Amino acid sequence: MSLQMVSSVSNSSLLQPGFSLLNFDGHVYFFGQKGWPKRSCPTGVFLLDINQNEIKMKPAIFSKDSCYLPPLRYPAICTYRGDTESDIHQYIIHGGKTPNNDLSDKIYVMSLVSKSSKKSTFKCIEKDLAGDVPEARYGHTINVVQSRGKNMSVIFGGRSYVPLGQRTTEKWNSVVDCSPSVFLVDFEFGCCTSYMLPELQDGLSFHVSVARNDTIYILGGHSLQNNIRAPNLYKLKVDLPLGSPAVTCTILPGGISVSSAVVTQIGDTEFVLVGGYQSENQKRLVCNTLVLEDNKIEIVERESPLWTPDIKHCRMWFGCDMGNGSVLLGIPGDNKQMISDANYFYILRCREAEEVEEEELTAQTCNEASTEDPGDSTPFEDSEEFCFSAEANSFDGDDTYNEDDEEDESETGYWITCSAHCNVDINTWVPFYSTELNKPAMILCSSGDGHWVHAQCMDLSETMLLRLSEANVKYFCNEHVDLNKGLQTPKKVGQLKKQPMKPLRKKKAMKLTPVKKSFLRRLFE
């Protein structure tokens, strides 16, 4: 085992505890950044360009038919092949925390569509699930088992927020262990089935799981309810006949007290267990080899690398499997660094030096071949249109991501303060309308020279927003709609035609005869 310090990592502040690494054909990709993605890399997925002891982060893009994938930390991730004879390498991503600390219950499948020296294009699909769908969680595991020619995903453990009915103001974001149920997920039909096994009594999180064929081994983990890291070792066996699946659990001796450890595979049946904690304030500096045979697991201690003084004396560390027997480890930076949340990183190689040199030579040959053929992704050129807000030519030249190149989006573009009651914040915003991906929907106010406002801040319904975008009408925001009404010239109203009045008939004067006059005179005397 060899430990090498990474002298330079571009934008290391994005790599915080809970990140994930995906390995596609020897190329390592980073996922799960701190905060919401910015315009230089709206997907939040980066290629880690590792050259000697330097790491550069290069943005990756999504294809047109991809769904929106938020940056998720502490998700459950595993590799997956839909068919045992298929060469398509995919990753399953379930659960995790968003930058808003919301928990996800969605499941995604990511695959690499094309890779060239300039860009990497991914396809991400969200799977629809039905039945006993696992609740939103983080710190859990997912594995794929194979039995009788069929594949099935197995989800276990993790933590979730206290149910809404039990929350209080003081403990609103309190978390609890998820129930110790085992979930089987059939990707072909999207069906989920949960199993309660008597051997699994307590919920676990941040445990380790490794799978071979139809068997999964679960090691360690932390229980919030008991606040212990018990030396757990469970064996889950999944049988997939034509009828209903059968799941059994066996408690094995010889477990390990560890949480938040990292496992990397170094052979067909061999894995290496690295890092983690054996108690709340004590790191676990011992390494182990896990050997999976047909029906058993063997755990033996192996020689640890020469840990540096910084690693030995730091209180916390974190990391992730890079694939091919390598692990990326991180420790907090000291107070002397310019960036407060920057970290130091190391690459731990668990394979023999001869195997590593042969692998690097093969990778170098592949890289040279891809450089000689710059048009290897020609059929996917149209995928540049799905860069969200990134320009199609933004990946030309030096495509290394640099956070300093980001524009101040709080003053320009989509992240302006559109009104006095604007509540759109680049750090906390999440899609509100179904048409939004990673930018808030905006509409032009026609007052004066015109200015843009967020549709959400104007309390526009999605139906009204679509109607205004399709109709050729002027829109006025909430602050200018009354002013606009006051400035409008009243419409000219035609004069009403008056009906001529009929003239009144004059009453004729009554003529008095001499007889009538004498009668009236006597009447009033």
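Backbone N, Cα and C atoms are what each Cβ position is placed from, and that goes for glycine too.
These figures come from a predicted structure and were not determined experimentally.
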Notebook entry, point to check: Between 83-102, 363-382, which stretch does TrEMBL give the note region 'Disordered'?
Noted result: 363-382
Next item on the list: Note the Cβ centroid of Cys418, Cys422, Cys445, His451, His454, Cys457, Cys477, His480, the recorded Zn(2+) site, then list each other residue of that chain whose Cβ lies within 8 Å of it, in sequence.
Entry: Ser419, Ile443, Trp452, Val453, Met458, Asn478, Glu479
Item checked: Site of maximum Cβ density within 10 Å, from binding-site residues Cys422, Cys457 -> Cys457
Next item on the list: Would you mind checking how many other C-beta atoms are within 10 angstroms of the C-beta on His480 (Zn(2+) binding site)?
Entry: 18
